[in-house]
């Protein structure tokens, strides 16, 4: 094979621009007429929350690099400043598209269903009176206008909070305020007390104030008796004159800022990681403003006042054609009464009966491995695994990693229960899990109070692996039972994230898990693992070995294939190695939900790389690595994407699926995902396009998996019904014959 230099920058797509393209695919779902209307609204809200986090973390990181005059280029050859400029340019276009979808697609379709988001100014007398009462009774007592003058500096604007900026002037017709009208009690003050703004400005000059919209109120306010809604900030703007007696309001507008919220913990310089994280959580609230959102018709004087006081550049000002912050659309469905036809049909995951609390889960695992696919199969099986371990007298110890858990986690509850029952419980809680830091600190403290030994992660590394290890004393000796997953131990997100997990008691995997937990909790450094592959370094080394094996097979003239599914593909070395494999004749199929820095239009690839991206009802989150060659198939699951951070700076796990039934199931899952031609897009160069079916039958893999789960549930119910019928039949037969037997017995007695 002729050597090709695949490391040149033109062979790679910029990571940040690729992410914006992914968010564009989510936006497409908001326009897709095959999606129920209220779900389309939810998709539009998701695009907003996605971009908020993107600015708080990724754009913030670029800002810091640019401010430090870093000129190092990324894989695509762009400096941090060049990336910033390109991101802002592209995101400005995406904002325009987002609001076109809102104004031209979503609102008209909602109006047709008599679901309306109305301005207060359009209300009839009855609804206007309701809005007035809502302001007077609910809002007025909690609102606080904040002025900006010599005695009151420009107020701090919290990250992500909604605020109303107000431009006002003293009303020429208002009565001058006296000391007696201001001061309470029996204080005597001569003359007139000057307001602080009067010190700076003469009567008639322009003043500035801001009102923070209370975050503990829902943005959507429902009018009585119908699915008509007001925005709470619009209510405030219409009735806030009561907050400024003696003043005339000249202009007002809603605005919002997104700040640098990236956690920057100098882990090597701290002896207490938990305390350092808590300190940084407080510090980051005051991060630099990354984006200012205002309405297109926002008053120019107010805009200038905001940008000057918060040091916001022109490129970071986003003027929108509609309500600032569309995340309220994620709540619309829950607010609308009725209209179930405008929502997804409810779906209940399949619960395997051998993994419920009425059965011995450990006996089921001893019998065979169980591969779970969430949300189609219930995450409750994983919760039950921990629950049974907690209450089982044979359990000696439980070890677990937690990256993100729900706000009311049953797993936390059962881990605490296990500790209180005298079992050894060790939990690694990753306190650096982005935007879950506060939640995880709280859970870590609670677990400690319940008697668990808690590790707060490792210095310099995020622990992202998803592992649970239960050690039991069985009749035939000590045995390890494990759950290894691709996603978080979060019982809430498990309902809408697609993930996979393996319940097993494989001996060698058990040894590997023990060694890994010893590494996480102590100073152990295992010289090798039997079956588990662990980042940092281990997963990269393994994936490179598998790619090399496939290259060797292809160079021998035999068919070879690499199949991978992940959330993001951005590591330059892995991409270059895939290019090399494609050049050698290896067929490569990739399913990548989000960031894709690979191009598949290079002539040297010989059209051997196909890439799909699935965006649908559920968030694709599982990671699958599948290799085919020389008549042999190997499939692995992992917590890691092919990103540099996952391979170099995180503790991640990759594990084989080997037991025959579980392996066949995992392979079929990947193949079904690859067949999707409804919610999948295909990569064409550096852009994704819809798959053209060309007469093929439509196949939506997520819908297919739901239908399979429903069929399993129905089969289970039929079996249960048949069992009860058979039991009832036996009972009826017995009751029918018992009198006859009794009579026969009496007859025999008579003969005696």
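Cβ atoms here come from the backbone N, Cα and C positions, even for glycine.
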TrEMBL ATP site partner of 50, 497, 593, selected from 464, 612, 621: 621
DSSP residue counts for the domain 'Polyphosphate kinase N-terminal' (12-118), split into helix, strand and coil: 81 helix, 3 strand, 23 coil
Secondary structure of residue 621 (ATP binding site) (DSSP, helix/strand/coil): coil
Rounded to the nearest Å - Cα separation of residue 593 (ATP binding site) and residue 404 (Mg(2+) binding site): 20
Number of Cβ atoms other than its own within 10 Å, given for residue 497 (ATP binding site): 19
Among 50, 497, 621, which are recorded as binding-site residues, the nearest neighbour of residue 464 (active site, phosphohistidine intermediate) by Cα: 621
Residue 464 (active site, phosphohistidine intermediate), number of other Cβ atoms within 10 Å: 23
Euclidean distance between Cα atoms of residue 404 (Mg(2+) binding site) and residue 50 (ATP binding site), Å: 18
